[in-house]
Every structure is written in C-alpha cells, then in structure tokens.
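Features as listed in TrEMBL:
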- 1-18: compositional bias 'Low complexity' (COMPBIAS)
- 1-25: region 'Disordered' (REGION)
- 182-201: transmembrane segment (TRANSMEM)
- 231-252: transmembrane segment (TRANSMEM)
- 264-285: transmembrane segment (TRANSMEM)
- 312-332: transmembrane segment (TRANSMEM)
- 338-356: transmembrane segment (TRANSMEM)
Amino acid sequence: MLTQHTSTCGKSTGTSTGARPGRPSCSLTQRHLQRGWFSRTPLHCPHRILSSSQAGCRLCSGKKRQYSASVRASSAAGAADLPAPRENLGDRIGAFRNAFWKFLRPHTIRGTILGSCAVTARVLLECSEYIDWGLAPRAALGVLALLCGNGYIVGINQIYDVDIDTINKPFLPVAAGELRPALAWVLVVGLAAGGLALTAANFGRTITLLYSLGLFLGTVYSVPPFRLKRFAVAAFLIIATVRGFLLNFGVFTAVRAALGAPFVWSPAIIFITCFVTVFATVIAITKDLPDMEGDLKYKIDTFATRLGTKNLARLGTALLVANYVGAVVTALRMPHAFRVPLMVGAHAVLALNIILETRRLESQQHSQLAIRQYYQAIWRLFYIEYCLLPFL
C-alpha cells in the first residue's frame, strides 16, 4: 500500500509516472513510518497539514482508506520496535518495597506486633519494680526477631503455594510475578537467619530453642515432603501452637528473664495464652474459606473442603462465642486477678459482634466478598483482644 501511495504522490523528477509536474510529494516515507512518527504527530503533506482523521490529500483522496490502514499498520510496527521506557531507580525501589510488604502478609505482621507489645506491657505492669528502660533497645530487637520469624513462615508458604495462589490469592507477589522465586528464596533465608541470630545473641538458650521450634513448625507446614498443611488437623495444630502458645509464652519468658524477675505464672498470661490458642485455631480453620477453589483443584485437605462454607463459618463462630463465654466465666471466678466489669462487658460485646458478622455472611449467600469480610472481622477481633490485655 505504501508503494501505491508513493506512486500517486511522487515528485515530478521521475520517481513516478503518475505524478503531476511541479507537484511535490508527501513526506511519507518508509523510514518515518517505521519510527512511529504518525502515532504521535499530525500527518504532514506539502499540499496541507492532515490530521489523523484526514489521512490523505487532494491528490490522494481516492486512496483514503488504504492510506489510513497503511499508516496504522506501519505505526504499530514502529511502536513495537521502540525500546520500552526504563524504570528509574526510585520506581524500582518503590515496587520492591510494595512487593516485600505484601510478601510479609501485613495482617500477620500486625498480629505479631500487637501480641508481643501487649504481653510485654502486661509483664511490665506486673513487674514494675524491675523496669529498666535501658532494656528498650533489646526489646526492640526481640520484636524484630519475631517479625523475621513471621516473615519466614509466611514467605516459605508462598514459595511452595505459588500454583495454588495463582487461583486463590493472585494478588500475592510471588504468584503475581512481582517477586521472582529466586529473590523470594533470598528473602526467606535471610529472614530466618537474621531472626535466629538476633534471638541467640540476645535472649539465651531457652528462648532460642522456642524460636527454632517455631521456624521448624513453619517449615514442615509448607515444605515437601512433609507439607503438613495438606492435612486439616495437623495444619490447625501448627498454627495454634505457633500463634497461641509459642508467641505468648515465649515473649512472657523472655521479658521476665531480661528484667531479672523470677519466673512466676501470671493469671493474665495463662488466660491470654489459652484464649489466643483457641482463637488461632479458629483462624487456622477459617483461613481457607476463600480458598476452596484452589484447594479442591490441588487436593489440599482443609476443613473448608470437608465441611463447606456455611458449616465451617458456623463452627468458627461457635468456637469464638465459647471462647468469649470462657473469658466471662474466668473473670467471675477470679475477680482478684481481673477487672471484672471490663472483662465481662468487653467480651460480651465482642461475642455479639461475631454473631452479627455471621448473620451478615449468611444474608449475603456466602459470596466471596462476604467470606473475605468475615475472615477480616475475625482478625480484627484478634487485634482487639491484645489491645485489651494490658487493661484486663
């Protein structure tokens, strides 16, 4: 088509037999088309300036459709040949930061920070005579070590779940291609090594062993040939142990040891350890509610695939309500250890809240959006419990 047009609008110098003498040619050349000029600027013709909607001149108006098609095709080819714009360093750093934050699973990070800070605050209130603010940097290193362990556990799970996550959680950075698997491996190995080094250097043998146990459980949860997440009971036991027992008991033991206070069981710490263990069990069994499609495809055995969405949501709600009732009974039976009005009132309100969330889930026919909102509501209640701990 380009040749056909050129012969119509050629110069009178003999480049075309069909050109009128003295009439200059259009400045349309193969070189211009390949550069993609016409995708960005009006079409220039010596007879007049042509907009993209006027692709032709008085000499070539009869070729208008053929000419426009030629320009579009050539412009597309030229644009494809242009190099992609380079990202500057700031953009690349920003993209990595966002991907890394998603890789850490922010809702679990918030739970770890709140849990460790709440338990620490409770110990400080009970052992105020031992407080030494010079230990604050050491406490910060302890929280950092916990975050490293948290990042390792959720990160290794994403590496081995990448195929399932392309269906269940395509927004996660490894599944979405925002983090290459090789880089994800570098991150999880660095997080595990860094967390273990911080713990060993600052918190002694007992805490280091507890920390190592947490890393081990997180590994066998996700990594073949163990991959215990395939089995519903084993999966919830691991999550309940790490999130419920190891976090609370480990932080409690580490803080008292750092303060130099003798080890004495605290009713509040016993309560929160038991309460959060049950709560973590609920999180463990309901976390797969939004993921049934991928779990069924890859034959992952979960309570969601066994019981179905409706039955599992009701089971999770029943366990949480029982947990809240247990908190009320504990306060009434141990008025010397807890602030009864706060303990009873707060947990009654929270129990009502999860019941209402369940009713909303059922009223929305267990849609995918409603399921995610229900699961997020469970995590909000989890955060609230830790916020209450220093004041109970």
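Don't overthink the numbers, they just go from 1 along the chain as shown.
The backbone N, Cα and C atoms fix where each Cβ goes, and this holds for glycine too.
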Are the transmembrane segment (182-201) and the transmembrane segment (231-252) near each other by the rule of at least 3 C-beta pairs under 8 angstroms (pairs 6 or more apart)?
no
Given the cut-off of 8 Å on Cβ pairs that are 6 or more apart in sequence, determine whether the transmembrane segment (264-285) and the transmembrane segment (182-201) share at least 3 such pairs.
no
